[in-house]
Each structure stands twice: as C-alpha cells, then as structure tokens.
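Summarising the annotation, TrEMBL assigns Mg(2+) binding site to SER48, THR180. Under the heading GTP binding site, TrEMBL lists 149-150, 174-180, 199-203, 268-271, ALA324.
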Amino acid sequence: MGKKLSKKQESSETVHSQKIDELMKTDNKEVQKEIKILVLGTGDSGKSTFIKQLQILYKGGFCEQDRFLYRTTIRVNLMYNMKTLIQIVEELKINIQKRTQKIVKRFDRSKKYCEENLTEKMKNAIINLWSDPGFKEAYERRNLFELPDSANYYFDSCERIFKEDYQPNDKDVLFCRIPTTGVNEIELQVNNKFWKVVDVGGQRSERRKWIHQFENVTIIVYITSVSEFDQQLSEDRSINRMHESLLLFDTISTGDFFKKKNFFILFNKIDLLKKKIQNVDLSVCFPKYKGGKDLNLAIKFIRDKFIEIGENSKRNLFFQQTCAIETEKIKNIFDSVTTTVLEDELKGSGYL
C-alpha cells in the first residue's frame with residue numbers, strides 16, 4: 001500500500017498537473033517547435049521495435065504496403081534462420097532423430113533466399129525440423145551464433161506464414177528484424193506538441209552517421225538488451241554485447257554534445273533475461289556478480305554499472321524495464337519521456 005497524501009501534498013500535485021496542462025495548451029511558436037528525441041543503442045537492442053510501437057500507438061499502425069514488405073522479409077528470414085539452426089546442430093554435434101537427419105541432408109541451403117524458395121517442400125522441412133527436440137536444444141544454445149531471439153516465434157508460426165494469403169499481424173511486424181541503416185525517424189503529435197523520434201543504426205559501421213543527428217536533441221532514449229550478456233557482436237566476435245553497450249553509453253554520455261540532457265535508459269528484453277539467468281550466470285559477463293538467479297539482483301547490478309558511468313558524466317538518468325514487443329509498456333514509457341520533457345520546459349519557463 002502506498003502512503004496517503006496529505007491535503008497539502010494533494011494540492012501541490014494538482015497545481016503541478018495544472019501547470020503541465022497549461023503548457024501543453026499554449027500555442028505560441030516557441031512551445032510549438034518540434035521536440036527531438038534521439039534513440040540510441042547498439043545493434044539488436046530493440047531501437048527499431050520501439051519506433052514500430054510508436055507507429056502503432058500514434059500513427060494508426062502499418063499500411064498494406066508496409067505489411068507486404070514485412071511479409072517478404074519475414075518469410076525469407078524464416079528460411080535463413082532454419083539454415084542457421086541446422087548449422088548450430090551440426091557444429092555442436094547435437095543429437096537429432098534419424099528422420100530429421102534425412103531432412104537436413106536434403107535441406108535447400110541457398111546462399112540467397114527469395115520468395116521463390118517458399119515451396120510446400122520447404123514449409124514441411126522447417127515444420128519437421130523444428131518439431132525435433134534436438135533443434136529446440138540448438139535454439140537454446142544460440143548465444144554463440146547469429147540467430148535472433150524471435151526465431152522460435154516464427155518457427156512456431158510457420159504454417160500460417162507460408163499460406164498464400166498471409167498478411168503479417170502487428171506482433172509479426174514487431175518481431176521482424178531488419179537492421180537499421182542510415183536514419184529511421186517518425187514524426188508524432190502527442191499532447192498538442194510535435195515530436196520527432198530518430199533511430200540510427202546501432203552497428204559499429206553505422207555510428208559514424210550519428211553525429212549528423214546530434215543537433216537540437218531534447219532528450220535521449222538509450223536502449224540496451226539486458227539478455228545479451230553472454231552474446232558477442234556480429235561485427236566482432238571477441239566483444240561481449242553488454243560490454244559494448246556500456247562502452248557506447250560511456251562514450252555518448254561523457255561527450256560534449258549532450259550537456260545537461262536527460263537520458264532515459266531502457267532495459268529491454270527483461271523477459272528473456274529472467275529466463276536466461278536460470279541457466280547462465282551473469283558472472284560470465286561480470287565476474288564480480290554474486291546474485292545468482294535472482295532477477296532483481298541481476299537488474300540492480302547492471303543498473304549500478306550505468307549509474308557509475310552517469311555519475312562520472314553528471315547526467316540525469318531515468319531507468320525503465322521493458323519488453324519492447326509489449327505495446328502498453330512502451331506507451332507508459334513514452335508517456336514518462338514526454339512528461340519529463342514538459343517538466344523541464346516548466347522549469348525553464350519559470351513555472352516550477
């Protein structure tokens with residue numbers, strides 16, 4: 001149970017809320033200027049999924065043309081993912097059933113898949129391979145290979161995805177991985193204000209383009225995938241993904257571009273972290289970690305790492321835990337981001 005507010009506190013909260021409402025209704029040019037939110041993080045952290053959620057929440061979702069493009073990508077990715085899963089089975093010498101061994105030998109391992117490969121034979125092969133317990137084991141041991149976390153979702157949906165009239169639903173689109181190259185941005189009107197949310201590619205090769213997006217930024221949303229503590233970068237297999245995320249955050253937060261800017265740090269893929277630490281200890285990434293399988297202790301340890309960097313840079317840090325495919329959670333987070341921006345404007349204009 002939370003503490004009951006006194007009448008004085010309730011009055012203060014009401015006045016605070018009224019001031020925010022007053023600022024949102026103001027229509028002078030200064031207030032109506034576009035507010036820029038920069039979304040940063042390493043590759044595969046969930047930045048693009050965050051942008052997709054904003055599209056669903058504030059832009060009416062995805063048009064038919066968008067869904068058609070995602071359909072092709074989802075189908076092609078499904079075949080590539082099964083090819084990778086076969087590679088894991090073979091390299092780790094995982095035991096599979098005899099009937100499955102025959103399917104593996106006949107599986108089309110094209111260097112470049114397209115929708116023409118979407119035959120009935122391919123569909124049946126994927127369904128039968130995925131039904132083998134050995135392939136489920138291979139999926140659980142994917143950390144040393146380039147296989148996305150969402151692969152199992154698509155394998156489970158293979159029958160539906162291969163139908164001729166298949167059209168991706170929102171969940172299909174949210175899970176669909178297309179690495180961001182260049183700049184991906186979305187413009188929104190929320191609470192009578194205009195917002196531009198900018199996502200730039202997280203891979204190392206894309207980061208040189210970031211500097212062009214650093215001007216006129218109001219707030220930074222930094223996304224880190226907390227479940228990737230035992231995985232390596234696709235660009236450099238010697239670098240741990242969690243270490244890279246911390247290093248990148250250090251570089252960004254201690255730079256001169258974002259002086260006095262607030263940072264919202266999203267701990268993404270909390271659901272996967274909860275499951276993973278039951279089998280893989282966080283100490284494989286952080287040797288000093290002693291919290292075992294306790295999710296709260298694991299999150300606190302990672303959070304403290306970011307706080308340590310934030311204290312050095314003297315930035316305001318706001319932490320949120322999320323699973324980027326859950327629309328309601330992203331809405332709550334975006335509400336927190338916009339409220340923080342409005343409160344800063346209140347302070348700057350002398351309202352607070």
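Any Cβ shown, glycine's included, is placed from N, Cα and C.
Here the binding-site residues are ASP149, PHE175, ASP199, LYS269, ALA324, and the one whose Cβ sees the fewest other Cβ atoms within 10 Å is ASP149. Around ILE178 (GTP binding site), taking its Cβ as the centre, 12 other Cβ atoms fall within 10 Å, counting all chains.
Straight-line distance linking the Cα atoms of SER48 (Mg(2+) binding site) and ASP199 (GTP binding site), rounded to a whole number, equals 7 Å. For the recorded site, SER48 (Mg(2+) binding site), the DSSP three-state label reads helix. In the three-state DSSP assignment, the secondary structure recorded for ASP199 (GTP binding site) is strand.
For SER48 (Mg(2+) binding site), the Cβ neighbour count at a 10 Å cut-off comes to 23, with all displayed protein chains included.
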